[in-house]
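Okay, so here's the structure we're looking at.
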Amino acid sequence: MLTLLTSMYLVMRTVSSRAEPIRVLVTGAAGQIAYSLLYSIAKGDVFGKDQPIILILLDIPPMLPVLDGVVMELQDCALPILKEVIPTDKVEVAFKDIDAAILVGSMPRKEGMERKDLLKANVAIFKTQGGALDKYAKKTVKVLVVGNPANTNCLIASKSAPSIPKENFSCLTRLDHNRACSQVAMRCGVSSDQVKNVIIWGNHSSTQYPDVHHAKVNLQGAETEAYQAIKDDAWLRGDFISTVQQRGAAVIKARKLSSAMSAAKAICDHMRDIWFGTKEGEFVSMGVYASGNSYNIPEDLIYSFPVQIKNKTWKVVDGLPINDFSRAKMDATAAELVEERDTALDFLSQ
(Lines of atoms letter the chains of each structure in order from A and count residues from 1; the text may use other names and numbers.)
(Lines give C-alpha, C1' and ligand atoms only; values in the text may rest on other atoms or scores of the structure.)
Protein backbone atom coordinates (compact mmCIF):
# COMPACT_ATOMS: atom_id res chain seq x y z
CA MET A 1 0.00 0.00 0.00
CA LEU A 2 2.82 2.38 0.93
CA THR A 3 4.60 1.62 -2.34
CA LEU A 4 1.39 2.42 -4.28
CA LEU A 5 0.95 5.72 -2.46
CA THR A 6 4.60 6.59 -3.08
CA SER A 7 4.19 5.80 -6.79
CA MET A 8 1.04 7.95 -6.99
CA TYR A 9 2.86 10.81 -5.27
CA LEU A 10 5.77 10.57 -7.71
CA VAL A 11 3.36 10.51 -10.67
CA MET A 12 1.57 13.63 -9.31
CA ARG A 13 4.92 15.38 -8.77
CA THR A 14 5.95 14.49 -12.33
CA VAL A 15 2.68 15.83 -13.75
CA SER A 16 2.97 19.07 -11.77
CA SER A 17 6.60 19.50 -12.79
CA ARG A 18 5.50 19.27 -16.41
CA ALA A 19 2.97 22.10 -16.00
CA GLU A 20 3.29 24.74 -18.66
CA PRO A 21 5.26 27.75 -17.47
CA ILE A 22 3.31 30.96 -17.03
CA ARG A 23 4.78 34.20 -18.32
CA VAL A 24 4.91 36.93 -15.68
CA LEU A 25 5.90 40.50 -16.55
CA VAL A 26 7.26 42.98 -14.01
CA THR A 27 7.86 46.56 -15.20
CA GLY A 28 10.20 48.97 -13.46
CA ALA A 29 12.15 45.77 -12.89
CA ALA A 30 15.45 47.45 -11.99
CA GLY A 31 13.80 49.45 -9.20
CA GLN A 32 13.74 48.84 -5.46
CA ILE A 33 10.17 47.47 -5.23
CA ALA A 34 10.93 44.91 -7.95
CA TYR A 35 14.16 43.97 -6.17
CA SER A 36 12.10 43.03 -3.10
CA LEU A 37 9.40 41.36 -5.22
CA LEU A 38 11.13 39.17 -7.78
CA TYR A 39 12.56 36.57 -5.39
CA SER A 40 9.13 35.90 -3.87
CA ILE A 41 7.57 35.39 -7.30
CA ALA A 42 10.45 33.23 -8.53
CA LYS A 43 10.37 30.88 -5.54
CA GLY A 44 6.63 30.23 -5.77
CA ASP A 45 5.10 32.44 -3.09
CA VAL A 46 2.61 33.98 -5.51
CA PHE A 47 1.59 31.56 -8.26
CA GLY A 48 2.30 28.29 -6.45
CA LYS A 49 5.31 26.18 -5.46
CA ASP A 50 4.88 23.81 -8.43
CA GLN A 51 4.04 26.40 -11.10
CA PRO A 52 7.00 26.96 -13.46
CA ILE A 53 7.57 30.62 -14.28
CA ILE A 54 9.15 32.65 -17.05
CA LEU A 55 9.94 36.10 -15.66
CA ILE A 56 10.04 39.01 -18.10
CA LEU A 57 11.71 42.14 -16.72
CA LEU A 58 10.99 45.46 -18.45
CA ASP A 59 12.74 48.73 -17.79
CA ILE A 60 13.98 51.78 -19.70
CA PRO A 61 17.25 51.52 -21.73
CA PRO A 62 19.50 53.32 -19.18
CA MET A 63 18.53 50.71 -16.56
CA LEU A 64 19.50 47.65 -18.63
CA PRO A 65 22.96 47.26 -17.02
CA VAL A 66 21.29 47.22 -13.59
CA LEU A 67 18.76 44.70 -14.92
CA ASP A 68 21.64 42.43 -15.94
CA GLY A 69 22.73 42.37 -12.31
CA VAL A 70 19.20 41.46 -11.20
CA VAL A 71 19.15 38.60 -13.73
CA MET A 72 22.47 37.32 -12.40
CA GLU A 73 21.12 37.33 -8.86
CA LEU A 74 17.95 35.47 -9.87
CA GLN A 75 20.09 32.87 -11.63
CA ASP A 76 22.31 32.59 -8.55
CA CYS A 77 19.28 31.86 -6.36
CA ALA A 78 19.05 28.49 -8.19
CA LEU A 79 15.25 28.38 -7.96
CA PRO A 80 13.73 25.19 -9.43
CA ILE A 81 10.49 26.70 -10.82
CA LEU A 82 12.20 29.68 -12.49
CA LYS A 83 12.59 28.43 -16.05
CA GLU A 84 13.80 31.61 -17.76
CA VAL A 85 14.47 35.29 -17.09
CA ILE A 86 14.11 37.74 -19.98
CA PRO A 87 15.38 41.31 -19.45
CA THR A 88 14.22 43.81 -22.06
CA ASP A 89 13.46 47.44 -22.87
CA LYS A 90 11.06 46.52 -25.73
CA VAL A 91 7.30 46.31 -25.12
CA GLU A 92 6.80 43.84 -27.99
CA VAL A 93 9.10 41.40 -26.17
CA ALA A 94 7.84 42.19 -22.67
CA PHE A 95 4.11 41.86 -23.28
CA LYS A 96 4.16 38.88 -25.65
CA ASP A 97 1.73 36.13 -24.53
CA ILE A 98 1.93 37.09 -20.85
CA ASP A 99 -0.38 35.56 -18.23
CA ALA A 100 0.21 38.21 -15.54
CA ALA A 101 1.47 41.80 -15.66
CA ILE A 102 2.65 43.65 -12.57
CA LEU A 103 3.11 47.25 -13.69
CA VAL A 104 5.40 48.76 -11.05
CA GLY A 105 7.24 51.30 -13.21
CA SER A 106 5.86 54.83 -13.42
CA MET A 107 7.07 58.42 -13.46
CA PRO A 108 7.75 59.45 -9.83
CA ARG A 109 6.78 62.89 -8.67
CA LYS A 110 9.80 65.19 -8.70
CA GLU A 111 10.37 68.28 -6.60
CA GLY A 112 8.38 71.22 -7.93
CA MET A 113 6.27 69.01 -10.22
CA GLU A 114 2.57 69.86 -10.40
CA ARG A 115 0.15 66.94 -10.02
CA LYS A 116 -1.20 67.52 -13.54
CA ASP A 117 2.34 67.24 -14.95
CA LEU A 118 2.75 63.95 -13.12
CA LEU A 119 -0.57 62.73 -14.55
CA LYS A 120 0.43 63.78 -18.06
CA ALA A 121 3.72 61.86 -17.91
CA ASN A 122 2.01 58.75 -16.58
CA VAL A 123 -0.84 58.88 -19.09
CA ALA A 124 1.80 58.56 -21.82
CA ILE A 125 3.43 55.56 -20.07
CA PHE A 126 0.22 53.67 -19.35
CA LYS A 127 -1.32 54.45 -22.73
CA THR A 128 1.74 52.76 -24.30
CA GLN A 129 1.60 49.81 -21.91
CA GLY A 130 -2.15 49.42 -22.34
CA GLY A 131 -1.66 49.40 -26.10
CA ALA A 132 1.04 46.73 -25.72
CA LEU A 133 -1.27 44.61 -23.56
CA ASP A 134 -3.97 44.94 -26.22
CA LYS A 135 -1.65 43.97 -29.04
CA TYR A 136 0.61 41.29 -27.54
CA ALA A 137 -0.75 39.84 -24.27
CA LYS A 138 -3.13 36.93 -23.77
CA LYS A 139 -6.73 38.14 -23.48
CA THR A 140 -6.91 36.34 -20.13
CA VAL A 141 -3.97 38.33 -18.70
CA LYS A 142 -4.39 39.61 -15.13
CA VAL A 143 -3.01 43.14 -14.80
CA LEU A 144 -2.00 44.73 -11.48
CA VAL A 145 -1.03 48.41 -11.57
CA VAL A 146 1.28 49.51 -8.76
CA GLY A 147 2.92 52.66 -10.18
CA ASN A 148 1.35 55.85 -8.85
CA PRO A 149 -1.13 57.42 -9.25
CA ALA A 150 -2.17 53.76 -9.35
CA ASN A 151 -5.97 54.05 -9.71
CA THR A 152 -5.85 56.47 -12.62
CA ASN A 153 -2.88 54.74 -14.27
CA CYS A 154 -4.91 51.52 -14.13
CA LEU A 155 -7.89 53.24 -15.73
CA ILE A 156 -5.74 54.59 -18.57
CA ALA A 157 -4.11 51.18 -19.17
CA SER A 158 -7.53 49.52 -19.33
CA LYS A 159 -8.99 52.12 -21.69
CA SER A 160 -5.94 51.65 -23.93
CA ALA A 161 -6.52 47.86 -24.04
CA PRO A 162 -10.14 47.55 -25.22
CA SER A 163 -9.82 43.87 -26.18
CA ILE A 164 -8.97 42.83 -22.61
CA PRO A 165 -11.89 42.63 -20.15
CA LYS A 166 -12.06 45.54 -17.70
CA GLU A 167 -12.38 43.00 -14.89
CA ASN A 168 -8.82 41.82 -15.61
CA PHE A 169 -7.40 45.14 -14.39
CA SER A 170 -6.84 46.09 -10.75
CA CYS A 171 -4.63 48.45 -8.80
CA LEU A 172 -2.80 47.98 -5.53
CA THR A 173 -4.47 49.13 -2.32
CA ARG A 174 -3.44 45.97 -0.46
CA LEU A 175 -0.50 47.82 1.09
CA ASP A 176 -2.95 50.26 2.69
CA HIS A 177 -5.16 47.30 3.69
CA ASN A 178 -2.19 45.54 5.33
CA ARG A 179 -1.20 48.74 7.11
CA ALA A 180 -4.73 49.07 8.51
CA CYS A 181 -4.76 45.41 9.64
CA SER A 182 -1.43 45.86 11.37
CA GLN A 183 -2.50 49.03 13.20
CA VAL A 184 -5.64 47.32 14.52
CA ALA A 185 -3.69 44.19 15.49
CA MET A 186 -1.04 46.18 17.39
CA ARG A 187 -3.75 48.16 19.19
CA CYS A 188 -5.46 44.92 20.28
CA GLY A 189 -2.25 43.08 21.14
CA VAL A 190 -2.85 40.27 18.64
CA SER A 191 -1.08 39.09 15.48
CA SER A 192 -2.28 40.56 12.18
CA ASP A 193 -3.81 37.26 11.03
CA GLN A 194 -6.36 37.65 13.85
CA VAL A 195 -7.81 40.73 12.09
CA LYS A 196 -10.03 40.43 9.03
CA ASN A 197 -12.32 42.48 6.81
CA VAL A 198 -10.82 45.92 7.14
CA ILE A 199 -11.59 47.98 4.04
CA ILE A 200 -9.72 50.60 2.05
CA TRP A 201 -12.19 52.69 0.08
CA GLY A 202 -11.23 54.87 -2.87
CA ASN A 203 -7.94 56.23 -4.07
CA HIS A 204 -4.43 55.04 -3.21
CA SER A 205 -3.62 58.52 -1.94
CA SER A 206 -3.96 60.51 1.26
CA THR A 207 -7.75 60.75 0.67
CA GLN A 208 -8.20 56.95 0.97
CA TYR A 209 -10.60 55.86 3.68
CA PRO A 210 -9.43 53.00 5.94
CA ASP A 211 -12.68 51.63 7.40
CA VAL A 212 -12.98 49.13 10.28
CA HIS A 213 -16.75 49.31 10.81
CA HIS A 214 -17.05 45.81 9.30
CA ALA A 215 -13.75 44.41 10.61
CA LYS A 216 -13.49 41.57 13.10
CA VAL A 217 -10.75 40.79 15.62
CA ASN A 218 -10.18 37.34 17.11
CA LEU A 219 -9.67 37.92 20.83
CA GLN A 220 -8.81 34.70 22.67
CA GLY A 221 -10.88 32.62 20.28
CA ALA A 222 -13.89 34.95 20.20
CA GLU A 223 -14.64 36.98 17.06
CA THR A 224 -15.26 40.58 18.12
CA GLU A 225 -16.28 43.72 16.20
CA ALA A 226 -13.20 45.93 15.79
CA TYR A 227 -14.88 48.94 17.45
CA GLN A 228 -15.72 46.78 20.50
CA ALA A 229 -12.27 45.20 20.59
CA ILE A 230 -10.47 48.55 20.51
CA LYS A 231 -12.93 50.58 22.62
CA ASP A 232 -11.51 53.89 21.43
CA ASP A 233 -13.76 55.52 18.84
CA ALA A 234 -11.74 58.75 18.85
CA TRP A 235 -8.57 56.86 17.81
CA LEU A 236 -10.42 54.84 15.15
CA ARG A 237 -11.93 57.99 13.62
CA GLY A 238 -8.78 60.09 14.02
CA ASP A 239 -5.19 58.92 14.40
CA PHE A 240 -5.85 55.44 12.99
CA ILE A 241 -7.13 56.88 9.70
CA SER A 242 -4.42 59.53 9.38
CA THR A 243 -1.66 57.02 10.26
CA VAL A 244 -2.72 54.68 7.44
CA GLN A 245 -3.28 57.57 5.01
CA GLN A 246 0.15 59.09 5.71
CA ARG A 247 2.15 55.90 6.25
CA GLY A 248 3.93 56.06 2.89
CA ALA A 249 5.11 59.60 3.58
CA ALA A 250 6.26 58.56 7.07
CA VAL A 251 8.36 55.73 5.59
CA ILE A 252 9.96 58.12 3.07
CA LYS A 253 10.75 60.61 5.84
CA ALA A 254 12.41 57.91 7.96
CA ARG A 255 14.10 55.87 5.22
CA LYS A 256 14.68 58.57 2.61
CA LEU A 257 13.24 55.96 0.22
CA SER A 258 9.68 54.86 -0.49
CA SER A 259 8.14 51.62 0.83
CA ALA A 260 9.65 48.63 -0.98
CA MET A 261 9.60 45.56 1.26
CA SER A 262 6.00 46.16 2.40
CA ALA A 263 4.89 47.12 -1.14
CA ALA A 264 6.39 43.90 -2.53
CA LYS A 265 4.64 41.85 0.17
CA ALA A 266 1.31 43.54 -0.68
CA ILE A 267 1.79 42.83 -4.40
CA CYS A 268 2.36 39.16 -3.56
CA ASP A 269 -0.77 39.07 -1.37
CA HIS A 270 -2.86 40.75 -4.09
CA MET A 271 -1.75 38.49 -6.95
CA ARG A 272 -1.89 35.31 -4.85
CA ASP A 273 -5.51 36.11 -3.93
CA ILE A 274 -6.35 36.65 -7.60
CA TRP A 275 -4.76 33.30 -8.48
CA PHE A 276 -6.09 31.21 -5.57
CA GLY A 277 -9.06 33.18 -4.19
CA THR A 278 -9.93 34.71 -0.83
CA LYS A 279 -10.82 32.72 2.28
CA GLU A 280 -14.46 31.90 2.96
CA GLY A 281 -16.14 34.76 4.82
CA GLU A 282 -13.25 37.17 4.29
CA PHE A 283 -12.72 40.06 1.92
CA VAL A 284 -9.72 42.13 0.88
CA SER A 285 -9.24 45.60 -0.61
CA MET A 286 -8.47 46.08 -4.28
CA GLY A 287 -8.80 48.95 -6.76
CA VAL A 288 -11.26 47.72 -9.42
CA TYR A 289 -13.78 49.09 -11.91
CA ALA A 290 -16.64 50.79 -10.10
CA SER A 291 -19.29 49.81 -12.65
CA GLY A 292 -22.46 48.38 -11.11
CA ASN A 293 -21.43 48.98 -7.48
CA SER A 294 -24.09 49.36 -4.79
CA TYR A 295 -22.32 52.22 -2.98
CA ASN A 296 -23.22 55.11 -5.35
CA ILE A 297 -19.60 55.51 -6.46
CA PRO A 298 -19.32 57.03 -9.97
CA GLU A 299 -19.07 54.26 -12.56
CA ASP A 300 -16.07 55.08 -14.74
CA LEU A 301 -13.43 54.90 -12.02
CA ILE A 302 -10.92 52.45 -10.61
CA TYR A 303 -11.93 52.63 -6.95
CA SER A 304 -10.83 50.49 -4.01
CA PHE A 305 -13.64 48.27 -2.71
CA PRO A 306 -13.92 45.23 -0.48
CA VAL A 307 -13.81 42.22 -2.81
CA GLN A 308 -14.06 38.46 -2.66
CA ILE A 309 -12.29 36.36 -5.29
CA LYS A 310 -13.11 32.94 -6.71
CA ASN A 311 -11.87 31.28 -9.91
CA LYS A 312 -9.62 34.29 -10.59
CA THR A 313 -12.69 36.57 -10.69
CA TRP A 314 -13.33 39.32 -8.16
CA LYS A 315 -16.72 40.44 -6.94
CA VAL A 316 -17.39 43.58 -4.91
CA VAL A 317 -18.91 42.81 -1.51
CA ASP A 318 -22.23 44.62 -1.87
CA GLY A 319 -24.76 45.82 0.66
CA LEU A 320 -22.53 46.66 3.64
CA PRO A 321 -24.26 49.31 5.79
CA ILE A 322 -22.57 52.70 5.45
CA ASN A 323 -22.97 55.37 8.13
CA ASP A 324 -22.75 59.13 7.56
CA PHE A 325 -19.12 59.32 8.70
CA SER A 326 -18.08 56.68 6.17
CA ARG A 327 -20.28 58.12 3.43
CA ALA A 328 -18.56 61.51 3.60
CA LYS A 329 -15.08 59.96 3.43
CA MET A 330 -16.02 57.59 0.57
CA ASP A 331 -17.42 60.53 -1.41
CA ALA A 332 -14.36 62.72 -0.77
CA THR A 333 -11.94 60.14 -2.18
CA ALA A 334 -14.30 59.51 -5.12
CA ALA A 335 -14.31 63.23 -5.89
CA GLU A 336 -10.50 63.22 -6.06
CA LEU A 337 -10.59 60.25 -8.42
CA VAL A 338 -13.15 61.94 -10.68
CA GLU A 339 -10.90 65.00 -10.92
CA GLU A 340 -7.84 62.81 -11.67
CA ARG A 341 -9.76 60.83 -14.26
CA ASP A 342 -11.05 63.91 -16.08
CA THR A 343 -7.57 65.46 -16.22
CA ALA A 344 -6.04 62.19 -17.42
CA LEU A 345 -8.69 61.63 -20.08
CA ASP A 346 -8.04 65.13 -21.43
CA PHE A 347 -4.37 64.17 -21.88
CA LEU A 348 -5.34 60.79 -23.35
CA SER A 349 -7.40 62.46 -26.07
CA GLN A 350 -4.60 64.87 -27.08
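Note that Cβ sites are derived from N, Cα and C of the backbone, with glycine treated the same way.
Heads up, TrEMBL stuff is auto-annotated, nobody curated it.
Quantities reported herein were computed from a predicted structural model and do not represent experimental measurements.
Taken from TrEMBL, the feature signal peptide applies to 1-19. The annotation domain 'Lactate/malate dehydrogenase N-terminal' is assigned in TrEMBL to 23-169. Positions annotated as NAD(+) binding site by TrEMBL: Asp59, Asn122, Val146, Gly147, Asn148. According to TrEMBL, the substrate binding site annotation covers Arg109, Arg115, Asn148, Arg179. The domain 'Lactate/malate dehydrogenase C-terminal' annotation in TrEMBL covers 173-347. Residues annotated as active site, proton acceptor in TrEMBL: His204.
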Around the Cβ of Arg109 (substrate binding site), the count of other Cβ atoms that are within 10 Å: 15
Gly147 (NAD(+) binding site), number of other Cβ atoms within 10 Å: 25
Sparsest-packed of the listed binding-site residues (Asn122, Asn148) - C-beta count within 10 angstroms: Asn148
Cβ neighbours within the same chain of Asp59 (NAD(+) binding site) - under 8 Å, at least six residues apart: Thr27, Gly28, Ala29, Ala30, Gly31, Val66, Leu67, Pro87, Asp89, Gly105
Which listed residue (Arg115, Arg179, His204) has most other Cβ within 10 Å, given these are recorded positions: His204
Other CB atoms, at most 10 A from the CB of Val146 (NAD(+) binding site): 28
Proximal residue to Val146 (NAD(+) binding site) among recorded positions Arg109, Arg115, Arg179, His204 (C-alpha distance): His204
Arg109 (substrate binding site) as reference: those recorded positions from Gly147, Asn148, His204 with C-alpha within 10 Å of it: Asn148
Predicted model, mean pLDDT over the domain 'Lactate/malate dehydrogenase C-terminal' (173-347): 97
Distance [Cα-Cα, Å, rounded] between Asn122 (NAD(+) binding site) and Arg115 (substrate binding site): 11
Integer Cα-Cα distance in angstrom, Gly147 (NAD(+) binding site) to His204 (active site, proton acceptor): 10
